[in-house]
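Asks: Dumping the structure here so I can ask a few things about it.
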Amino acid sequence: MVKQTFRYVFIPAELSEPLQELEESYSDDDTAVTCLLDRLKGHYLRSRPSPTHDQLKQHRDSLMKHVPEGTELPDALLDAASELNLVENTALLTNNSQSDYIGVNLYTDDNAGVYNAPHNHRASEFSFCCGKRLEVRGDAFLARIFDNDDAFQRLDFTLADMTSSAAWVKDAKMRNAKKQDSEALVKQLQSRQGEQPQLPSPPASISPAEQAKQQGNAAFAKQNFSMAVEEYSKALQHEPNHPAALNNRAMAYLNLGKFQEAAADCDAMLQLQPDNIKAILRRATARERLAVLEPLLLQQPSEPDVHCLNGKLLASLDNKAGAFASFAFALKLQPQHVASLHASARLYQSCALLPEALQALRQASGLVPADEQIKDSLANALTDHGTNLKAAGRPTEASAHYEEALQVCQSHAAALYNMAVLHGEQHQTAEAAALYERAIEAAPGHAQAHCNLGVIRRSQGKLEEAAACYQRSLQAAPAAAQGVILINRAVVLSELGTKLKLEGKVAEGIDLYEQSLACNPQHIDALYNLGVAYAETTQIHRAMFMYEMAIRFAPSCAEAHNNLGVLHRDAGNLERAASCYRAALQARPIFSQALNNLGVVLTAQGFAAEAHSMLQASLSAAPEYAEAWNNLGVLQQDLGQISEAIESYQHAIDILPESRNASQNRLLALNYIHPGEQPLVSNAHADWGRAFQARHTPLPSLPLPSNASDPGRQLTIGYISPDLFTHSVSYFAEAPLAHRWASCGMRHIVYDCTPRPDGKTERLRQRTEAAGGFWQPSAHLSEAALADLVREDGVDILVELTGHTANNRLGVLALQPAPVQATWIGYPNSTGMAACDYRLTDAVCDPITTSQTFVEQLIRLPGCFLCYTPPAEAPSVAPCPAETLGFVTFGSFNALAKITAEVLAVWARILHAVPNSRLVVKNKPFRDAAACRHFLDQLTTHGVEAERVDLLPLMPATADHLLAYSLMDISLDPFPYAGTTTTCESLYMGASRA
């Protein structure tokens, strides 16, 4: 017999329980109607209190209509059978709909209101969406059906179909609304006095025959077979050749034991449709009964085997009441009739009456202890009843039933499995694992046992074993039951991927994350961790995609929002980065990393006040967050609050002594407020250098080349910098990079460590290669890998151009990959490292008489140690503003960190000394109103009116920045940290320098 399966949806009344998608099966006969109802009856029978006396009487009276007159049934049987009708059915979408869904029914407990079941808000709300205003109480179910004149079939209804935007829901809402409007109109018209107006006929009314047939179907579904016969007969009076009425009445006759009438209806049906399978099967059943059972019942009315056989036939027809009556009569004739005890037990089980089933099976087992079928049935019933007891919160009794089942059949897989579940719920994982292994030994294809054993192995940290368990579970489980297994396997594969990634096996980790997503494309951890792994391997676009997918499926995943923001920030898209950080904070308001990162972006954008608020909030959430202390220092430094910045950097260092950013930022900040000659500055650099170099073991020394003493040997110079883009250093690096060193018997290699190359990077590359040099992109390399590359390239002299500023590669020099190493251009002080041999400078910056000390040996270049190359997009020099305005304008575009209180005091004296003069200052924080007020307040204390000062924010375009020099006549230089790039720019654009 072919089995058909269908899916339906369970809507628990308890809001904390999730919606579930369930599966049921039925044979391709008339069990399609009742298979789901039987399942739901069992559910409601277990979940509701005992019926009242009045309800029992009503059910008993109805039950007696199904048995032949004069038949007496025991009270116990009546009590059990009276509990069969428990399900109320409401059509949300009727069969005559044009929707592809044919019909959708909502099933509820018909007695939910009596025992005050809780309101089912989700089911009620969904019924409203379908145009039915139902107040649902208790658990509910949704299923889809196909029902025409001759066939009834259950079709899939899934969680994906349960959405208010589905086409069938809109169709149902429209049709139910029209029906309600029509009914309301009828009531309105009927309530009026006087002559009733003639209502228009509906466009299509149901025929009397069809109406009677539907009434018969409803009675049949409730097992009221006598009523069903009456209604089908009415249909046939209106339409004698109605196929469905004939076929269905035959089935009702079979259930009533009227086999002659059933055979006659089948004959009539086959005259109309000779190939109708249902009619053929039903006629065969009727004839078998007439030919075999009826004579036997007449000839051997006292033979229990005959009545047992009759009961089995009635049970196969789903006539439970008749079957119970036959089994009861057989047992009345012979109380120890094993076959009847066994058959009645199976029927009790199908009705979810497990205590009664157990009583019959225990009695049968006592009569034939060695019967394997009865032992198996008893073990099954004990296990099922144990599971019901566990669900009712009675685990001790459940355990006793499982143990009894294992005494009956020690290798009973279901009992072993359920006992394992019970131990697992009681956190007895070792015992649970052993029982799952026994269940698998008894039933190697027990998919759920493999799956649950995988859960335990994962909890024990045995991820490889867990993954293997889930794989075996998948191989054993049918496709429809693989959902949970795939989800569990996705989890363990993701965790295994993270384990490998942390061990440094990133590629293997990525492979496992991808396998995890093949199991569950919406597994958030795998999406997120794959994004992390891609980012770590510089596969930025893939990382962004994974974070975006994680956010799509889990909008509240704050980490994914935050990490996506980091990628956008690194790509220079500050607006998008800020948006991501704000989304992360919306998901988790107290998220120290996102608060810190948003503070960094706001600092870069010039929104100083909000940046300060974010960084303070980050530190309030995580006071020991060293990175946030460092970034607060950066903001304070941008605002010119150098003493405060140094304190913040020191906080970061105290928390994390090896914090490279904070320690180097502190060194840079010291230069802004202390002259280099002070021991405080030089000692700080030397102390840092010793500690930093101690953490780096130099590469082994190389033997001198065979031609080392040859004065004609070609030397290789290596330049290393992260600032080969539109950055101050790039305007001074261009000249040496573009120099034709080959004409001097040398070759040069540029190690470009620029994080975000731009047009200037490309210009430098082209000029380097045009001069015969080599360009080596190196941003992706670690300092150790870059040192190895320098060593492989045979560099004789390695020159770094950054010092202690951002993204420096001083760690490469600490490894000493080149025989001679030097620092140049990017920093006004010592590296502090003995591994750096020389510092290139000139006699103006570092006079011969200087008292400042350096770890490096100073090489004073003749003239100036810098060579400025102006940008190609520089505008023409404009006339001095004083010529047209009649007053002098002073200006400075230096960082506020250089414009100390002492500098402002001097500038105020200059403004007072030059009547009507003005001051223009351009700086990043001046995008923020509070920063502007603070700066103006400092000048006001020196008697300079705010109206004499113009404050400008940064101008991203180089041409606009240079054009702004046309606003000043004289450029003012700060001290002790003088300008460098701004000095060259102002002179190039025609502004005098003071």
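Here the Cβ of each residue, glycine as well, is placed from N, Cα and C on the backbone.
Straight out of TrEMBL:
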- 179-217: region 'Disordered' (REGION)
- 188-198: compositional bias 'Polar residues' (COMPBIAS)
- 209-242: repeat 'TPR' (REPEAT)
- 243-276: repeat 'TPR' (REPEAT)
- 413-446: repeat 'TPR' (REPEAT)
- 447-480: repeat 'TPR' (REPEAT)
- 524-557: repeat 'TPR' (REPEAT)
- 558-591: repeat 'TPR' (REPEAT)
- 626-659: repeat 'TPR' (REPEAT)
- 705-866: domain 'O-GlcNAc transferase C-terminal' (DOMAIN)
- 888-991: domain 'O-GlcNAc transferase C-terminal' (DOMAIN)
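Could you place these features in context, so I can see how deep they sit and what lies close by?
Replies: If you look at the repeat 'TPR' (413-446), the same-chain residues 6 or more away from its ends with a CB under 8 A from one of its CBs are 379-380, 382-383, 386-387, 390, 395, 398-399, 402-403, 405-406, 452-453, 455-457, 459-460, 476.
Panel annotation: around the repeat 'TPR' (447-480), residues 5, 7, 23, 413, 416-417, 420-421, 424, 429, 432-433, 436-437, 439-440, 486, 488-489, 491-493, 495-496, 499 of the same chain, lying at least six beyond its termini, place a Cβ under 8 Å from a Cβ of the stretch.
Model confidence over the repeat 'TPR' (524-557) stands at 95, taken as the mean pLDDT rounded to a whole number.
Sequence-distant neighbours of the repeat 'TPR' (558-591) (same chain, 6+ residues past either end, Cβ-Cβ under 8 Å): 524, 527-528, 531-532, 535, 540, 543-544, 547-548, 550-551, 597-598, 600-602, 604-605, 621, 755-756.
When Cβ-Cβ distances below 8 Å are used as the criterion, the repeat 'TPR' (626-659) is approached by residues 592, 595-596, 599-600, 603, 608, 611-612, 615-616, 618-619, 665-666, 669-670, 672-673, 695, 895-897, 899-900, 924-925, 931, 934-935 of the same chain, each at least six residues removed from its ends.
For the domain 'O-GlcNAc transferase C-terminal' (888-991), DSSP puts the residue distribution at 53 helix, 15 strand, 36 coil.
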